[in-house]
Each structure stands twice: as C-alpha cells, then as structure tokens.
Amino acid sequence: MLPFATIPATERNSAAQHQDPSPMSQPFDLPALASSLADKSPQDILKAAFEHFGDELWISFSGAEDVVLVDMAWKLNRNVKVFSLDTGRLHPETYRFIDQVREHYGIAIDVLSPDPRLLEPLVKEKGLFSFYRDGHGECCGIRKIEPLKRKLAGVRAWATGQRRDQSPGTRSQVAVLEIDGAFSTPEKPLYKFNPLSSMTSEEVWGYIRMLELPYNSLHERGYISIGCEPCTRPVLPNQHEREGRWWWEEATHKECGLHAGNLISKA
C-alpha cells in the first residue's frame, strides 16, 4: 500500500512557516528526478515540486476527490496557488463544494471560464447537448481545453490529481513527473506533476475520512468520476468509475483533453 501518512501538526506548521514563497524554478535532470520520485509518497512528490518551482507551481482542482491534493499541498505551502475549471455546466453540488474548499483552507481559487466568443456560436448553432450526437470533443475543447490552455500559457509547472486506477484505458501509465505533451511548446516546456498517481480510490477515501476533509456530496449518491452535469452519471455495482463519464462513447476515448497526453502516448 502506498504510504501517505499524515504530517504531524508541528511539522505542517513548520513547513508552512518556512516555505520560501519566491519562485525558484531550479534546473534539474527530469528523467533522474522522475525516477527518484517514482516510489515516493504524494507528500514527498509535492515537496520536490515546491522545492523546484516554489509559488510558480499551480494545483489543479476539479471539485472531486482531488481535494486530497489540495490538502497535501496546502499543508506544505499555505500560499499554494489553486485553479479550477468552471465549464458553466457543473453540478450545483460541485459549485458548492468548490466554495467549501475555498472557505475550509482560506485560499483563493482561480476559476477559469470559457471564452464567450467561442461558446456562444457553438450553443447558437448546435444547442446545449450537441455532444450526445457529435461526441464530447468539440464542447470540451471550448469549455475546458481552451481556458486551460490560456491559463497554462503563463505557468511553468502544475500538479494534477490524476491516478492510474481512474482509467485503465488512458491513465494506467501516468507518471509522477513528466513534460506535459499537450500544453508544452518548443520554447516553453510545461512540467506536470501527478503526486496521487499511485494512490488507489480506497487510499484516497481513507485519507479523506481520516482527516475529515470536505468532499463533493455527489459521492454519496453513487457518483465517482465527476465532471459536467450532462456528461456524468452514477455508476452501478462492479462498474468502473470512468463508466459514469461519456457513457455513449468508446472507453478508449474517455479523456476530455485536459490530459490529452494520455491518449497521445498511446497513439
């Protein structure tokens, strides 16, 4: 089982008080660092990320189980920077949960929104549910990928809550550290940390319950993988969590594009 022991309060306070808030961006050997972190705890991976990037590291929060990532990062750096995507189609419970997390940790969450100049023509021409007919790619491209691309254009490193057990078809090879193949450019590499990659759903929920973290109330109604309201449904017993997303499409295509590298690497 992956170690994710709780950091004692005295150590958490010390880490928070001594965290250097200035950007560090220290050069490093990517393969060597990735290899050294491969078997480390999520906290150790995040600590290394902060050591190399300081406040240039952004945490991605989806409004679901990745509250664990926010919690771990906040305990290492109280000045942690967090962003979340508001597609305009999230569940009411998710909006409430994002507010809960903001208040619980006393942090600002940078909420990213779609560009209305792109969104309005799509809705006007195809309506609000074109993804059931045309696939989710176009809608996700406007509501998720474009806002994220705008955000990451000014970011040197980010951390996600991706886990290998979330999708055997697309996430089974998620590395703890990689160059983001979807959003890097030749001039500007983007470093992507996945500290929770080796954690299982059971371990994530053990952490949430042990520390009594806030969580999305949709989880109490059978939702596991939570996205936009029209594209998410509860899963049945013995179904994989990803079967609750875009259920009308092939399993191998169940990535919205935020982690397109998972698909690119399999091409």
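One-based numbering along the chain as shown.
Placed from the backbone N, Cα and C atoms, the Cβ positions cover glycine too.
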Do you know which of 1-25, 76-100, 176-200, 201-225 Swiss-Prot annotates as region 'Disordered'?
1-25
Can you tell which of the binding-site residues CYS139, CYS140, CYS231 lies nearest to SER60 (adenosine 5'-phosphosulfate binding site) in space, using Cα positions?
CYS140
Rounded Cα separation (Å) that holds between CYS140 ([4Fe-4S] cluster binding site) and GLY161 (adenosine 5'-phosphosulfate binding site):
19
Taking the Cα atoms as reference points, how far is GLY161 (adenosine 5'-phosphosulfate binding site) from CYS228 ([4Fe-4S] cluster binding site) in Å?
17
